[in-house]
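One structure is given here, and the rest of the page talks about it.
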Amino acid sequence: MEVILREGRSYLPNNSRHTEKYFGVLQSTAIPPSLLQVGGASCPVIGPDSQAVMSSVKVESVVEVSALVGEGPVWEEPEQTLLFVDIPGHKIHRWNPATNQIQSVETADSVGFAVPRRSGGYVAGVGRSIVAVDWSTQVMTSLARVDEDKLNTRLNDGKVDPIGRLWAGTMVAEGQQDDRKQGSLFSVTSDLTVTKHLSQVDISNGMDWSLDQKTFFYIDSLSLTVDAFDYDVTTGKIGNRRVVYQMQEGEGLPDGMTMDAGGHLWVACYNGGRVINIDPATGVRLQTIPLPATKTTSCCFGGPDYSDLYVTSASLGLNQSELKHQPQAGHTFRVTGIRVKGRPSHSFSG
């Protein structure tokens, strides 16, 4: 496996323990230290084709904007661009790989996600508001609000389901780390009806849907699991929650995720410095892709044929020594040669 650094150095995750807070939320949370221990020895790639796959894998930094917390990558097929956000940086970024140009729009509050909208522009989660974003004018218009009965939460990850329904979750806001399970999971339909599906959530994060549209996969990061629900694509109802993957030693916290065209999940591991590929049907980890940034946050497939895996990362919370050893923390990476392809994203119908 080849990992390309700007200085031309090779990279191997170090063995130090990482108990740094996830946006301050972990301060009062009991997380097994072994899950937060980053080590090159605990980054195995398993499966019958692991050696062949790893020999072809290449990781390179492609967006060198050092985000505080890069998140929510979405590949825009018509434009062949990558959309992602910097949550505490209050920025929505759009990067064009053909020109290596990046455009940005500033938001008035923390921005948890941004996704394309069928009618044009984008919708984003800003603070506790779902807003429409006109990219050309940089004007944002509020469409809906969530958690109106709370003052201590903000929107985090969001994604659009196969019929254009927006799903978005909340978590406790920065500076409120003593408050646990304040978050929720919502959906927003084309007529802007907001439905709450889950409460008592710590950090609402990655989500995706199965190929047959009958299962919804979801991550509440502090549960240290990837969960599945039965899913009715017509009504949007979810039920029968169960665990499909339990995080293992050294993997950190599950964060954002995406599903490939074969029905396998790719999960970014915050404080784990890796993306893991799991089979939700068996709970088996198929591959582990180490990255030169411990705070890997989310991932999506993109490129002309969806064979590239884009991975966002964070720099917030790293001290000067850690930043010296991770000069690409906060960058967005492209992983090639993994021999699987992803699926196009969906656009919000509202």
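Glycine is treated like the rest: Cβ placed from N, Cα and C.
Just so you know, TrEMBL annotations never went through curation; they're auto-generated.
Binding site for divalent metal cation per TrEMBL: GLU71, ARG154, ASP255, plus ASN205 from the candidate set ASN205, ASN319. Within 8 Å of the centroid of the Cβ atoms of GLU71, ARG154, ASN205, ASP255, where the record puts divalent metal cation, the same chain has further Cβ atoms from VAL69, GLY72, ILE87, GLY112, ASN156, ASP157, MET171, ILE203, SER204, SER221, GLY256, THR297, SER298. In three-state terms derived from DSSP, ASN205 (divalent metal cation binding site) belongs to an extended strand segment. Of all the binding-site residues listed here (ASN156, ASN205), the one with the fewest other CB atoms within 10 A of its own CB is ASN156.
The binding-site residues close to ASP255 (active site, proton donor/acceptor), defined as a CA atom within 10 A of its CA, are ASN205 out of ARG154, GLU174, ASN205.
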